[in-house]
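K.L.:
Can you read through this structure? Questions will come right after.
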Amino acid sequence: MGSVAAEEVVVFRSKLPDIEIDNSMTLQEYCFARMAEVGARPCLIDGQTGESYTYAEVESASRRAAAGLRRMGVGKGDVVMSLLRNCPEFAFSFLGAARLGAATTTANPFYTPHEVHRQAEAAGARVIVTEACAVEKVREFAAERGVPVVTVDGAFDGCVEFREVLAAEELDADADVHPDDVVALPYSSGTTGLPKGVMLTHRSLITSVAQQVDGENPNLYFSKDDVILCLLPLFHIYSLNSVLLAGLRAGSTIVIMRKFDLGALVDLVRKHNITIAPFVPPIVVEIAKSPRVTAEDLASIRMVMSGAAPMGKDLQDAFMAKIPNAVLGQGYGMTEAGPVLAMCLAFAKEPFKVKSGSCGTVVRNAELKIVDPDTGTSLGRNQSGEICIRGEQIMKGYLNDPEATKNTIDEDGWLHTGDIGFVDDDDEIFIVDRLKEIIKYKGFQVPPAELEALLITHPEIKDAAVVSMKDDLAGEVPVAFIVRTEGSEITEDEIKKFVAKEVVFYKRINKVFFTDSIPKNPSGKILRKDLRARLAAGIPDAVAAAAADAPKSS
């Protein structure tokens, strides 16, 4: 459909026509709308245990989970924390909370206790649903706040087993839920700063899923005959939205993996004839480079969705040699955007030819524009600028943070992504840089400000700055520039260990460079571009070596 000019603003739209989206219903009503057709079909399969649940059983489990959570005091407007790896109980709990008009805040079970406590406190969690590997991380918070803890994989002192939650009678009727009520509360660092609660409503998630899988020619063609691999963590919005919710809406079968293991992945693909494989580039790298994986192993896969981080042409070519029967394409998203901004049109029921390196075209029923990051002026085709998106799929705002919301969504409803890219003559979007400070380690967000705030609590660190450094396997890794206090001889290894005790594995500092000062502008903001330029020039290694040999100073 190309671009249209309105008040000198160049607006880009999908090549696919807009569709009618009924986002006046609740998310669970939307996901189970085809129950009469798919009720007896397999819905969720636990890849680890082999246990299978039909659509009717999943819907019933969500009603029982709702009743059980209500008995624990959860009601409309409350928040349930899901601190889980992928498992069927994640879906039961999420959908159950939705029926009560409650929201689920998703968190990584490998977070440190400090990270878990901070999110649970900020979100106002009323109940925490977790598992054995994380239960000890929540005990102190739960005891202090009187928050019940539910465990999905066994009995633990002071905790409620999830099977007890499911023992409740089915909820007779859902709560009176408004489309603009919050249903998901993932945490994101946005374009800068510490993690913030992203308020995604029933309306926004329905709109986002519909933009992908609804319509006569859906952008993302899932069918009830497809078997989707759910390997990417459901606590990440990409997997929750484009795998679980999109799969439920389409009536597909979803095979759940708790963690990535290449051998187990191949076994599940063969056993269940997996047809849809949502991956991130680090998984693609491992498959491409593994001599153990053959084209025969992965022959059933017809579609590989890659999101969360860019992927180059050389990697694509090596990977496709292993999955010759599949279409490979990329999407582009941001938690605050609902999360999908763009999707590869090669995934459509009636596919389009796409270019390598593109992250797709803007989703239907949405508008996208490119603006000059300095002036805000709207830019045309093939001109790089900040990507902005508008539509009913974007977040309601940040929880309890109107200032951050105002800085992200402008008065005209445009969400500013902080990503730099352009739209070419064929409406395909290319990402070229990032305005925002967030580091992407294997698709996971690493906010520099969080690490900097932690680093300067060390008595031997006077100042610190964290930036990204390119890495072949991870995409990016966090590295720290450190100014020591006068007389300090703190080492790189000591700093790494100090950070590692407080943060999840992917936020750990990869390398430390000692320096005399951190470059800042007159207002005190760290000049990260200057530090990245030093990395690109190879200067930090010399600085680090000199610092190791020289007397320590401030």
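Cβ atoms are placed via backbone N, Cα and C, with glycine included.
Feature list, courtesy of Swiss-Prot:
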type: BINDING; residues: S188, S189, G190, T191, T192, K196, Q330, G331, T335, D419, R434, K525; note: ATP binding site
type: BINDING; residues: Y238, S242, A308, Q330, G331, T335, M343, K436, K440; note: (E)-4-coumaroyl-AMP binding site
type: BINDING; residues: K259, K442, G443; note: CoA binding site
type: REGION; residues: 261-330; note: region 'SBD1'
type: REGION; residues: 331-398; note: region 'SBD2'
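A description of the local structural setting of each listed feature is requested, covering burial, neighbours and distances.
P.N.:
Following the DSSP three-state reduction, the secondary structure of Y238 ((E)-4-coumaroyl-AMP binding site) is helix. The local packing around Y238 ((E)-4-coumaroyl-AMP binding site), expressed as other Cβ atoms within 10 Å of its Cβ over all shown chains, amounts to 22.
For G443 (CoA binding site), the Cβ neighbour count at a 10 Å cut-off comes to 21, with all displayed protein chains included.
Taken together, the residues in the region 'SBD1' (261-330) have a mean pLDDT of 87 on the 0 to 100 scale.
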K.L.:
Quick one: give me the count of other CB atoms within 10 A of the CB of S188 (ATP binding site).
P.N.:
19
K.L.:
With a 10 Å radius around each C-beta, find which of these binding-site residues (K259, R434, K440, K442) has the fewest other C-beta atoms nearby.
P.N.:
K259
K.L.:
Could you state, as a whole number of Å, the largest distance between Cα atoms of any two of K259, K442, G443, the listed CoA binders?
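P.N.:
Roughly 15 Å, rounded to the nearest whole number.
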K.L.:
Measuring Cα to Cα, how far is R434 (ATP binding site) from K442 (CoA binding site) in Å?
P.N.:
16
K.L.:
Of these binding-site residues, Q330, G331, T335, M343, which scores lowest on Cβ atoms within 10 Å?
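P.N.:
Output over binding-site residues Q330, G331, T335, M343: least Cβ neighbours within 10 Å is T335.
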